[in-house]
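Take a look at the structure below.
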Amino acid sequence: MSGGLAPSKSTVYVSNLPFSLTNNDLYRIFSKYGKVVKVTIMKDKDTRRSKGVAFILFLDKDSAQNCTRAINNKQLFGRVIKASIAIDNGRAAEFIRRRNYFDKSKCYECGESGHLSYACPKNMLGEREPPKKKEKKKKKKIPEPEEEIEEVEESEDEGEDPALDSLSQAIAFQQAKIEEEQKKWKPSSGGPSTSDDSRRPRIKKSTYFSDEEELSD
C-alpha cells in the first residue's frame, strides 16, 4: 500500500541539476513547494556520481504541479533546470517503497564513517535536521486470568533420615497411651446412673396393645 500517495501525479522529474547536489540539498530546495516524501538522484552504477537527474516525490499532486511551474526553465547554481511531472513507467510502487539502511556506521552519500548523510560535508546547503522517528503505539493487551497451578516441590534427598522413623514411632506410642488413659476415665454405657438420670421420668409401655404410653414414677 502506498498510504494514499499517487506517484504518477505527484512525482517531479528534474534534469540538468548540478552534479554536486546531494539528496539532502534537493530535499531542502524542494521542501519550499510542499511536503517532500522522497528524493532519488540517478547515479552512475560504477562511479556512484550524480547524473544530474532526480525524482522528487511530493505528498500531493498540487505541490508537485506548483513545483514544476516554479522551477521549470529557472536557473539553479548557474544551470537552467528542467522540471515536469514524471511519466509512470510501471515501477511506481517500487519507487515509493521505503528503504532501510541498517549500516549506520557509514554515510550514505560519501561512504565515509563518523557521520550520516544529514551531516555530510558534501552537502552544499549544509546540514539538515534528521526527520523525527515515529513512535510506535503499543497495543493494550487484555490480561488473561491466570490459572493457579499448584507446584509440587521434589525433594533433593534420596533417602530419609533414620532418626525420623524413631521419632514418629515415639509420637505414635505416646498418642496411643493418652487415648488409653482417656478411655479409663469415660463412664461406661452400662454404669450406674447419676442423680440427674433418676429424676427423669421413664416411659413405660402399657401392657395392653395400644399406642398410648404410661409414665412411671
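Glycine is no exception: its Cβ is also placed from the backbone N, Cα and C atoms.
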Zinc finger according to Swiss-Prot, located in which of 51-68, 87-104, 105-122: 105-122
According to DSSP, how is the domain 'RRM' (10-88) divided among helix, strand and coil residues? 23 helix, 32 strand, 24 coil
